[in-house]
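Structure record follows, encoded as structure tokens.
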Amino acid sequence: GKNEYDLLIIGGGSGGLACAKEAAQFGKKVAVLDYVEPSPQGTKWGLGGTCVNVGCIPKKLMHQAALLGSALKDAQHYGWNIAQPVHHTWSVMAQAVQNYVKSLNWGHRVQLQDKKVKYFNMKGSFSDPHTIRGLTKAGKETVVTAENIVIATGGRPKYPTHIAGALEYGITSDDLFWLKESPGKTLTPFVFNVSLECAGFLTGIGLDTTVMMRSIPLRGFDQQMASLVTEHMESYGTKFLKRCFPTKVEKLESNRLQVTWKNTDLGTEETDSFDTVMWAVGRAPDTETLNLETVGVKTNSETGKIIVDASEATSVPHIYAVGDITEGRPELTPTAIAAGKLLAQRLFGQSLELMDYDNVPTTVFTPLEYGCVGLSEEVAVQCYGSDNIEVYHAYYKPLEFTVAERDATQCYMKMVCLREREQRILGLHFIGPNAGEVTQGFALGIKCGATYPQLMKTIGIHPTCAEEITKLHITKRSGLDATVTGC
């Protein structure tokens, strides 16, 4: 029989929606299946995937709430008369954020309708390589066939199920943004960027917040920068329990959660009670119900992610995968969107262009933001050897911090270059206000193969933080003090 759709997407997140909308532009018959399995705590949400509902969007808005709290403190130095004490109401912020997210859910549904993409609110699983069995929440079954199928189901936060009480009493980032009431005194064990970002804004809105980390912060990022980020968070008020790991969570009669942990440095066992425990132990690909083994889609047995080639093709012809579900790809919304669009263009628009995953910029929205693009210093040294790398760096003070008398000890930037005559820029790392906005602009230059001499010819915009990048001249190798003085 003839396949019903030219393209069927399983997963209505960033990558899946981008792929669907792009394919529809070519006049193809396209369908999207999307279904949100409630979290163990019962949290669920609408169309749009992790970024819209439980990721980048609510996180950045809550980060903004915390920045406004800092701005209120600064404002008094600038002559604003702010009545004390200043109080933050979680429920007002949460309601506003949740309302905005719901408007995005609705917007995605309207866009699909406008582009004539069929939307199924169903959980999909393969019954053969061209056929998907969809199940509604009520258990009603629909069978959909398609010429091409794209898996874009992303990932969900993992629970450390080996820890007693973790699943029963803990939450994850899937729940935090949808809480109606303040999480109160919060512990977030393990350190992925979402853990630091959430701990940062919780501290910023005045909550007692503790991060528990067993090893290094921000794995996969430049470790000098990661240390500066956590140092700033400590001075900002976030508590850190270093080289500690939790062993159990128990509920007390008061409804508070008593957490027991081991301190590996001291060899001791310690306890404290919290209102909320938010796990941030990484994410697992959402493949469980897809029935991939039946159709022969190969996955990495260790990570569970789908193995794809440079064209996002899986081991089965006509079945593709994009976004966080794929092995070896950055778990970032913009890469999923770009990969989804390019895939649709290759399938239906006679394009041959592949997604380029090199020099993808990103930002960690901690209280002092950290933006980067390209290689970390460690990876550059591994690839080229320390003798062939030149690192230009500077500690600087944002002008906004001066009148407000804010500490700028961790405001720092470095540029990793090849030492050869051309001095091509391999990586840029920036900690400071608006790091995302700063990094985005420089990312274009680095993508185009910018060199250190070209950067030196770039005129800065005065007085900005980004301008300091155009003035980088002290190398680590020189051993000179890298503190910027003067304006």
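Think of each number as a place in line: the chain as shown, counted from 1.
Heads up, the Cβ atoms here are built off N, Cα and C, so glycines get one too.
Here TrEMBL annotates a disulfide bond for Cys56; of Cys19, Cys51, the partner residue is Cys51. Fewest Cβ neighbours within 10 Å among the recorded positions Cys51, Lys60: this applies to Lys60. Here the Cα atom of Cys51 (disulfide bond) is found 10 Å from that of Lys60 (FAD binding site). For the FAD site, whose binding residues are given in the record as Lys60, Gly124, Asp324, the maximum C-alpha distance rounds to 31 Å.
Broken down by DSSP into helix, strand and coil, the domain 'Pyridine nucleotide-disulphide oxidoreductase dimerisation' (360-471) contains 40 helix, 31 strand, 41 coil. Cys56 (disulfide bond) sits 25 Å from Gly124 (FAD binding site), taking the CA atoms of both as reference points. Long-range Cβ contacts of Gly124 (FAD binding site) within its own chain (separation 6+, distance under 8 Å): Ile10, Leu33, Tyr35, Ile132, Arg133, Gly134, Val144, Thr289, Leu290.
Sequence-distant contacts of Gly282 (NAD(+) binding site), defined as residues of its own chain at least six apart whose C-beta falls under 8 angstroms from its C-beta, comprise Pro157, Lys158, Phe190, Phe192. With respect to Cβ neighbours within 10 Å, the recorded positions Cys56, Asp324, His462 differ, and His462 shows the lowest count.
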